[in-house]
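Novice: Before we start, here is the structure in question, set down as structure tokens.
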Amino acid sequence: GTIHLFRKSQRSLVGKLTHEFRLVAADRRSWKILLFGAINLICIGFLLMWCSSTNSIALTAYTYLTIFDLFSLVTCLISYWVMMKKPSPVYSFGFERFEVLAVFASTVLAQLGALFILKESAERFLEQPEIHTGRLLVGTFVALFFNLFTMLSIRNKPFAYVSEAASTSWLQEHVADLSRSICGIIPGLSSIFLPRMNPFVLIDIAGALALCITYMLIEINNYFAVDTASAIAIALMTFGTMYPMSVYSGKVLLQTTPPHVIGQLDKLLREVSTLDGVLEVRNEHFWTLGFGTLAGSVHVRIRRDANEQMVLAHVTNRLYTLVSTLTVQIFKDDWIRPTLSSVPIANNILNLSDHHIIPMPPLKAADNVNPVTSTPAKPSSPPPEFSFNTPGKNVNPVILLNSQTRPYGLGFNHGSAPYSSVLNQGFGVPGMGATQGFRTGFTNIPSRYGTNTRGQPRP
């Protein structure tokens, strides 16, 4: 091949990440996200120090929500990067699945943090330490303000889509029931509380409320166990909020068909099957490529006289309303009827070592004796009962003969009789070893026609 003397060496993983980060940072929309990310890191540092000074595990559980906000900012940057990248030969469908993977990883990490809080809380029930409330309330309001400000200031497209498409959490369902009761008294609040609140805003408010209750109970009664109970409540709310999003994004990664579009897809496929020239629609497969993007492939069998380009245009026009990335493979009907052949066929095709095919001579005149049936064939009479030339009279009969004699221990002779002596053979009594004649050329097959060895007609 060609020798490139000054070819550049391949970049390392760090170099590739740096190059892609510069590509994203060149967009002015990313500067706002990078600024919020820097403030988030500073806020997380202060909150972790206050968690250590207050010895409050409830504040630690609430700080994990701020860490989750950092993951959501990274997901938003990945979403901007995906919009800048174009499909490549390696990623022919684009890079949309990267933001799905980012959402799945963020929600799973948040659930792992909640499980860690539950484990620490179970240990604290055995030996409850003293909680210092000096900076507990300050840390609560700082985390609440920053979380709400981040969620409401930045439009995070992946998490916004997942929060609406995923099933509701148990916290949202309970709040929805309470909101219906409140909106029944004050109808003006229906635009805020209904149909369902933002799950991230809801968990931020619920966690801050739990910390406020913890602060008051510790200040009034020095009831330190309420801090552990609040930590468990925040962990459960976090797990219940993130779990439906993990399930939804996981199904997208598994290339499953969304349940809410199955009925529409079936309707469109029925319409495609009724198009002019379409014989069959098969091997259809539709899956979610990214958030709000549906991909699919389908095979369409058409008539031989149908126009391929016209059918392709109609099929694409019908399915493109729902499937944005579509692959349609059209092939014409090439079904061929099998034909009869009287030429010898190779043994390796039939894989029959003890049988072969013998082409028979053409049928004789009507006044001669038919050697196959041993019965005179008359022009006016119908063909015999077991004649091989029915229903087609112009097809030469094919006789399969066994070239070997295989004794089976019953005295029968299983060898093939000569074709010229078929008419002269009689039927022997079974077990006596006498050969028998049969219309097909096989021997030792019982039949009701003919005579026995004594010349008497067989009943």
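Each residue, glycine too, has its Cβ placed from N, Cα and C.
Automated prediction, rather than curation, is the source of TrEMBL annotations.
So TrEMBL says this about it:
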DOMAIN    34-254  domain 'Cation efflux protein transmembrane'
REGION    371-391  region 'Disordered'
REGION    440-459  region 'Disordered'
TRANSMEM  31-50  transmembrane segment
TRANSMEM  62-83  transmembrane segment
TRANSMEM  95-116  transmembrane segment
TRANSMEM  136-154  transmembrane segment
TRANSMEM  200-218  transmembrane segment
TRANSMEM  224-243  transmembrane segment
Novice: Any chance you could find the range in 95-116, 136-154, 224-243 with the most Cβ pairs under 8 Å to the transmembrane segment (62-83)?
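Specialist: Out of the listed stretches, 95-116 contacts the transmembrane segment (62-83) most.
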Novice: With Cβ-Cβ distances below 8 Å as the criterion, list the same-chain residues six or more beyond the ends of the transmembrane segment (136-154) that contact it, or say none.
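Specialist: Sequence-remote neighbours of the transmembrane segment (136-154) are 32-33, 36, 39-40, 43, 46-47, 50-51, 54, 56, 59, 62-63, 65-66, 69, 72-73, 76, 198, 200-201, 204-205, 207-208, 211-212, 214-215, 218.
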Novice: For the transmembrane segment (224-243), find every same-chain residue at least 6 residues outside the stretch whose CB is under 8 Å from a CB in it, and list them.
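Specialist: Contacts with the transmembrane segment (224-243): 56-58, 60-62, 64-65, 107-108, 110-111, 113-115, 117-118, 120-121, 124-125, 128-131, 169-172, 199-200, 202-203, 206-207, 210-211, 213-214, 217-218.
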Novice: Short question: which residues 6 or more past the ends of the transmembrane segment (200-218) have a Cβ under 8 Å from it?
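Specialist: For the transmembrane segment (200-218), the far contacts come to 56, 58-59, 61-62, 65, 131, 133, 136-137, 140-141, 143-144, 147-148, 151-152, 159, 163, 171-172, 175, 224, 226-227, 230, 233-234, 237-238, 241.
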Novice: Residues of the same chain, at least six outside the transmembrane segment (95-116), with any C-beta under 8 angstroms of its C-beta?
Specialist: 61, 64-65, 67-68, 71-72, 74-75, 78-79, 81-82, 85, 87, 158-159, 162, 235-236, 238-239, 242-243, 245-246, 249-250, 252-253, 289-291, 293
